[in-house]
Amino acid sequence: MVSNQRRVVRLLVTTIQAGLGALYWYVAVTSKLNSFYKSLSRTMSPMRQICDLWTFDNWKRHEQTYLCLMPKAMCNCKFAKMPTQANKSGKMADPKPDTPLIPPSSSSPSSSRNLPDFKNSVKLKYVKLGYHILITHGMYLFLSPLVVVIAAQISTFSLKDLYDLWEHLQYNLISVIICSTLLVFLSTVYFVTRPRPVYLVNFSCYKPEESRKCTKKIFMEQSQMTGTFTEDNLQFQRRILERSGLGDSTYLPEAVLNIPPNPSMKEARKEAEAVMFGAIDELFAKTAVKPKDIGILIVNCSLFNPTPSLSAMVINHYQLRGNIVSYNLGGMGCSAGLISIDLAKNLLQVHPNSYALVISMENITLNWYFGNDRSKLVSNCLFRMGGAAILLSNKSTDKRRSKYRLVHTVRTHKGADDKCFSCVTQEEDDNGKIGVTLSKDLMAVAGDALKTNITTLGPLVLPMSEQLLFFATLVGRKLFKMKIKPYIPDFRLAFEHFCIHAGGRAVLDELEKNLHLSDWHMEPSRMTLHRFGNTSSSSLWYELAYTEAKGRIKKGDRTWQIAFGSGFKCNSAVWKALRSINPAKEKNPWMDEIDRFPVDVPRVSTF
């Protein structure tokens, strides 16, 4: 009995020693890598001076001197050619001839081969990439030696030792029962209380008829023929259109395109039915789900809220079941689509084995502005007709056929601040004409909301390496008062695809700049704005459909949807692809013309 206890104690001590050893090794390697990264950065400046001063022949002559200035890791770098800076005599020109680093030899012949530019030959981004890989897989590096040591220790046990250990457990049966019961209890609590996974089975985007197309030229002609806009405001709308990023294939409802326009409740209902039912019909055809299977219905439309509600219109048209849980969200702006997704996610946690149908749209008919307040005319130039229907499920049997799994939703509301609250407002002008006012503070407010949102989202999605770099920079700035720039996390390490609300060109430009995104990352948003315009809360789904049509979605890819809306709100949703999307099997509004995209969108598109 005593020998068995000693063996157990010895095993525990060995395990602890191995763990401490692995932790020490991990910290040592990390610190060495960080110190090498810093020394490499300090070396760049003298290296560039050397490159400018000496030819390849001088490098060979003073090789030992140069090597003393470089870390050992740089001595084996590949050399890249560098343009020769030679004077008429054939020798390299010395920018500081009075104080050279190394006395040049007057007899040395010139050569066309120069010392490489170490800034280009040694890619610092690869050092940072190695740092990210080390931190990301640090837990595995820490546990691997631990597992090896434990396995080696257990391998020394003989059959007699195992038998003695079994007898030891029999003599302590009460302890074994208590531990086993506790383990079963904790496992049960975990499986019962863990969040239900929410799957995106499929989605569809509405594509209006060709007769609803509105080119920029038609838009201006329609605006002029209404007779309500002054000449100055017509030119103002023209300038907005030229710089908006919209193309000539966006859509407007029939009531707006008519001469004269006839906005009415009847026409608004007609537009709403066309958008909602068109998207839902396509979604049901894709998923083979019956209307009676829908247990949760959420419809969001910011500016059109009739009675009966839009959700009631859907229930009536498709004869949905009587105990359906339905919601109609209004007045929540362009970010309401992700609010609907978040609401559906929460409802699916308490309604097992259910389908949730989410419909995101906007209604243009009753919200076209016919006045001369310029702050309200901008929305006329940007907003267009569109909508999307999304089917969510918490059924485990739907995982195989679903496209995505919802990973995170983060909602940010800045309504407590008066400036944020009033930056997007529906109100009357001096003549009693109703329109949506866009404040000049919109960009600043959106930036502040975005900052708050990504601060909350960052710890949930960013790799540990980015979080450590951000934390180290924050400590240096706040605690030690170091004059260093704030570290902006690289969200490209957290996501493969970005769906940013196509609210306007200025918003997309700012986000591309601040998040350090490439043209490839911004392509879905810019092409959606160009092809369909600002379709409000549904724009995110046109962007995701574009990404699918391009064949970019692979299994395991993460997609970040982010939207802004009145209030002021900034909301995010993170999706993980459960399978690779084959565009040949997809049906979405891009498929019949995807080969034409991307197109070049000029900064100013005159017409």
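Every residue gets a Cβ built from N, Cα and C, even glycine.
Because the structure is a prediction, the values reported are computed rather than measured.
Summarising the annotation, TrEMBL assigns transmembrane segment to 7-27 (among others).
Under the heading region 'Disordered', TrEMBL lists 88-114.
TrEMBL lists 129-152 (among others) with the feature transmembrane segment.
As annotated by TrEMBL, transmembrane segment applies to 173-192 (among others).
Summarising the annotation, TrEMBL assigns domain 'FAE' to 190-479.
Residues or ranges marked as active site in TrEMBL: C334 (among others). When secondary structure is read from DSSP and collapsed to three states, C334 (active site) falls in the helix class.
Annotated active site per TrEMBL: H413 (among others), in sequence order. In the three-state DSSP classification, H413 (active site) falls within a strand.
On the 0 to 100 pLDDT scale, the domain 'Beta-ketoacyl-[acyl-carrier-protein] synthase III C-terminal' (496-576) averages 96 in this prediction. Marked as domain 'Beta-ketoacyl-[acyl-carrier-protein] synthase III C-terminal' by TrEMBL: 496-576.
If you look up TrEMBL, you'll see H497 (among others) marked as active site. DSSP assigns H497 (active site) to a strand in the three-state reduction.
Taken from TrEMBL, the feature active site covers H501 (among others). Spatially close to H501 (active site) yet at least six residues away along the chain are C334, S335, V507, S525, S539, L540, I562, A563, F564, judged by Cβ distances under 8 angstroms.
Counting every protein chain shown, the number of other Cβ atoms lying within 10 Å of the Cβ of H530 (active site) is 23. Residues or ranges marked as active site in TrEMBL: H530 (among others).
Under DSSP, N534 (active site) is assigned to a strand (E or B) in the three-state scheme. Taken from TrEMBL, the feature active site covers N534 (among others).
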For N534 (active site), nearby residues of its own chain (Cβ under 8 Å, 6 or more apart in sequence): C334, L382, F383, R384, A502, G503, G504
Integer Å distance between the CA atoms belonging to H497 (active site) and H413 (active site): 24
Most crowded position, judged by CB atoms within 10 A, among C334, H413, H497 as active-site residues: C334
C-alpha spacing of H530 (active site) relative to H497 (active site), in angstrom: 19
